[in-house]
């Protein structure tokens, strides 16, 4: 009886401790799930408003909101480096650049609205194709008879996400990473070539001729007669 009485308090102390840990873990899961659905809903809504908004300035602002919430999703899965890249590169550079370019250009909003309805069927077709591809990819991912180790590379949980990303890009996906870089390089060169193409009715300036021009060739002193003009 004495041994049983000595063991009973230990059991009574262990039960509340395990129950508190379980409640704390469940609360953390609920908070993470709520944050995920909140960020995901805002990303989807802001992305849709980016496409639907008729004012380009408003579209860029919705795009910035989508990037911020996408960074929040990256923080939830532990990818702090990618989250900071989204905020610094996409929001701080690309989106703000788009915003200033749109605000400085003289854009005809009526013409943009007319073009939106013209390309709406083609855009819907592309959206349906992308949706079918995503559904097919998710279905194969969920129902394929392969283990988690085969689906994705195993990563040490104690490894920093920067090191994990570097190993994944330059080890397993090196060819894909280099191919993406080549595609971006071709796109950049193509944009430069299209910008510098010759256009009709444009008078380009020859900087070298302007620099070599002498003052005596630019001005001339004349004494025209009364009632007569100047012949150059």
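For all residues, glycine too, the Cβ spot is worked out from N, Cα and C.
Bear in mind that TrEMBL entries carry predicted annotations, made automatically and left uncurated.
Fair warning: this is a prediction, and the values are worked out from it, not measured in the lab.
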From the ranges 177-204, 205-232, grab the one TrEMBL calls region 'Disordered'.
205-232
So if I exclude everything within five residues of the ends of the transmembrane segment (59-77), which remaining residues of that chain have a CB under 8 angstroms from its CBs? That is, six or more out.
32, 35-36, 39-40, 42-43, 46-47, 49-51, 53, 83-84, 86-87, 90-91, 95-96, 98-99, 102
Beyond the flanks of the region 'Disordered' (205-232) by 6 or more, those residues with Cβ under 8 Å of it:
none
Per DSSP, what is the residue tally for the region 'Disordered' (205-232) in helix, strand and coil?
10 helix, 0 strand, 18 coil
